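Pulled from TrEMBL:
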type     : residues                                                              : note
ACT_SITE : Asp136                                                                : active site, proton donor/acceptor
BINDING  : Asn14, Glu372                                                         : Mg(2+) binding site
BINDING  : Lys21, His196, Leu197, Gly198, Asn199, Gly200, Asp270, Phe271, Arg272 : ATP binding site
BINDING  : Arg80                                                                 : substrate binding site
SITE     : His168                                                                : site 'Transition state stabilizer'
SITE     : Arg229                                                                : site 'Transition state stabilizer'
Amino acid sequence: MTQSPTDRPVLVLNAGSSSLKYQLVVPESGEVRAAGLVERIGESGSEVADHSGALEAMRSQLQDAGIRLDEVPLRAVGHRVVHGGPDFSEPVVIDDGVLDRIKALSALAPLHNPAAVIGIEAARKRYDVPHVAIFDTAFFSSLPTEASTYAVPRDLAAKHSIRRYGFHGTSHQFVAHATAELLDRPVEDLRQVILHLGNGCSASAVRGGRAVETSMGLTPLQGLVMGTRSGDVDPGLHAYLAREAGMSLDEIDTLLNKKSGVLGLSGVNDFRELVQRVEAGDDDARLAFDVFVHRLKHYVGAYLAILGGADVLVFTAGIGQHSAPVRAAVAAGLGELGISIDDALNEAGSTEARVISPFGSRVVVAVVPTNEELAIARQTADLVG
Ligand code: AMP
């Protein structure tokens, strides 16, 4: 008996430098047949030497769960790739030429793209099905020029592909559509401000389903305060640290990407722990929380101006979906702008997409779970048919 395509799952892979996240998803139904994580790839003492070993570890994890991957009729493999640079504004089937172009973008995302390339190479050797790259930047390729352009000399920007790219695009796009569904309105009719607050955090302004602004830039360091990333700082900070603290460029890069943000201010990067410390009266945690929220308000205000008012403000990802105190603090004092929250709705512990503003509010405030794996699986399936 032949299986219809709708029974055949897509393997979604998200390769980091030392980890591999995977899901086996049926795109039409959203059914997750399996999901897991291989960690500590290539670290000393780890049994997983490289990404090829990680795929082997995944196969054995799946086997333990009763799934023989070699016998699963895979439709395709969808790979999350962080940076699509100026080349890729849509999902693409990976061939040797595409892989070379993704490699060439590694200068723009040295922390991310090389790992994706290694993951793709290992997976292509193993699975003889179409492989598709889904780019975190793609949704933001629609940014108007005035939003994507940095005010630096144009010839230099052109030579080095310097512009605002934006990241988390797969999530923002998914959530924009899921929000329209929740409100039972066409996405074309909506002006949305979307806050993706997870380990990485980003905001977007979306008009009619198209992104018109976003907080991340050339790299995922710009914008909101994150778990370990500073987000916006004065660009003069780099030269100042180099001169005054004698730091190298790599040290400054590591400082701002890995040791700053909520972690740098409070000593913890997990938001659950941060909120517990705030409640216990920890001053550093309080400051980190307040800086985090202040930056969010800054962007909400900016995007209301960019959009000329919003129909909906959406919270998503780990913190956005689960932290009622963050949502309450962001909305506090914004009544004049049409934004308010119903405390009971905000605090109801639901995992479903839902509205948390009072009935009849000018701006609907919503909590909408993101699902990047499902989005990747669907885009992959759409492309390979
Ligand atoms: P993500 O990257 O979307 O998985 O989000 C991870 C972030 O969400 C971490 O900072 C978690 O601490 C945070 N998070 C997850 N659950 C909660 C919760 N119940 N309350 C506050 N933060 C949470």
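Cβ atoms are placed via backbone N, Cα and C, with glycine included.
TrEMBL feature annotations superimposed on the structure.
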residue : record                             : contacts (Cβ under 8 Å, 6+ apart)
Asn14   : Mg(2+) binding site                : Leu20, Lys21, Tyr22, His79, Arg80, Glu372, Glu373
His168  : site 'Transition state stabilizer' : Asp136, His196, Gly200, Ser202, Met216, Pro220
Leu197  : ATP binding site                   : Leu224, Leu296, Phe315, Thr316, Ala317, Gly318, Ile319, Gly320, Ser323, Val326
Asn199  : ATP binding site                   : Met226, Gly227, Thr228, Asn269, Gly318
Arg229  : site 'Transition state stabilizer' : Gly200, Pro220, Leu221, Leu256, Asn257, Lys258, Ser260, Gly261
Asp270  : ATP binding site                   : Gly227
Arg272  : ATP binding site                   : none
What does DSSP call the residue listed as 'substrate binding site' in the simple three-state scheme?
strand
Out of Asn14, Lys21, Arg80, Asp136, Leu197, Glu372, which recorded positions lie by ligand 1, with a C-beta less than 6 Å from some atom of it?
none
Within 10 Å of the Cβ of Arg80 (substrate binding site), how many other Cβ atoms are there?
22
Checking the spread of the ATP site as listed (Lys21, His196, Leu197, Gly198, Asn199, Gly200, Asp270, Phe271, Arg272): what is the longest Cα-Cα distance, in whole Å?
22
I'd like to know which of the recorded positions Asp136, Glu372 has the most other Cβ atoms within 10 Å of its Cβ.
Asp136
Look up Asp136 (active site, proton donor/acceptor) in the DSSP assignment and report helix, strand or coil.
coil
